[in-house]
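Right, one structure below, let's go through it.
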Amino acid sequence: ALTYRGVDWSSVVVEERAGVSYKNTNGNAQPLENILAANGVNTVRQRVWVNPADGNYNLDYNIAIAKRAKAAGLGVYIDFHYSDTWADPAHQTMPAGWPSDIDNLSWKLYNYTLDAANKLQNAGIQPTIVSIGNEIRAGLLWPTGRTENWANIARLLHSAAWGIKDSSLSPKPKIMIHLDNGWDWGTQNWWYTNVLKQGTLELSDFDMMGVSFYPFYSSSATLSALKSSLDNMAKTWNKEIAVVETNWPISCPNPRYSFPSDVKNIPFSPEGQTTFITNVANIVSSVSRGVGLFYWEPAWIHNANLGSSCADNTMFSQSGQALSSLSVFQRI
């Protein structure tokens, strides 16, 4: 079994405030954390935004839901976006008021990370994993940390890692770097080779490499390409490896891109979700030091397309009832 069998549940309180009542597969209302735990989930992933306008996904929001997760026996994986909003390959907007020169920005990032980690510890939350940035293939904290300036990226990540290492968190979490397109070895190799050759970010600064792996953004995102890429990553850097975001649709009438060849026979249904997640988990398990799989936001039913061209990638019905696919976490 994988060490980390997880889901991202960041939007749980947003949905509860919108009136969603989550139900288990039998139709009985229960807190989402209990439904997840009963279906084999052992870790929840949570995105942290620095100062979002409405407060959703800020540190206080995350501490509140992390306490619920901990009470349900779940581990917590904190995903720092280092932005006031979404951070991904198309968006890495520096938080409002942060300095843009590299010296002051490095200190700001270190101190922000240190302070957030200490606040988690003081609240009784000891995350098992902390990601320093989210999908940072194109860098982080733009414009200073764009890939045109690898030296800045290396310095920023070193500062973030040491914010965790110097914190009062005990025990210390695994520190992760997270890129998208986990199937693309060329991209992973280009990125890590460039950032590590700067000499500032050391291999000892981090423990895990996380990747996103979605089937609906490129026909090149085959399961076989994922396996090859993760095998190469493990062989080259000897880090723990996890697929930290993935989805499979229960409805996808008008996909924008052709699906990868080796998943085309998988149906768009809860049964298909079970098959796809099992296949991805088997690949991670087959990789040296492959340790985890996280499904992205399976309970965000008011945003069911989850940013894709597929109509619904969640593992809950629109009325909030868990689908049969949620139990896949008992078997990976």
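Note that Cβ sites are derived from N, Cα and C of the backbone, with glycine treated the same way.
The active site, proton donor annotation in Swiss-Prot covers Glu135. In the three-state DSSP scheme, Glu135 (active site, proton donor) falls into the coil class. Within the same chain, the residues at least 6 positions away from Glu135 (active site, proton donor) whose Cβ sits under 8 Å from its Cβ are Ala87, Asp88, Pro89, His178, Leu179, Asp180, Ser212, Glu245, listed in sequence order.
Marked as active site, nucleophile by Swiss-Prot: Glu245.
If you take the C-beta of Asn111 (N-linked glycosylation site) and look for same-chain residues 6 or more apart in sequence within under 8 angstroms, you find Gly163. Summarising the annotation, Swiss-Prot assigns N-linked glycosylation site to Asn111.
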Going by DSSP, is Asn111 (N-linked glycosylation site) part of a helix, a strand, or coil? helix
Three states by DSSP: which one describes Glu245 (active site, nucleophile)? strand
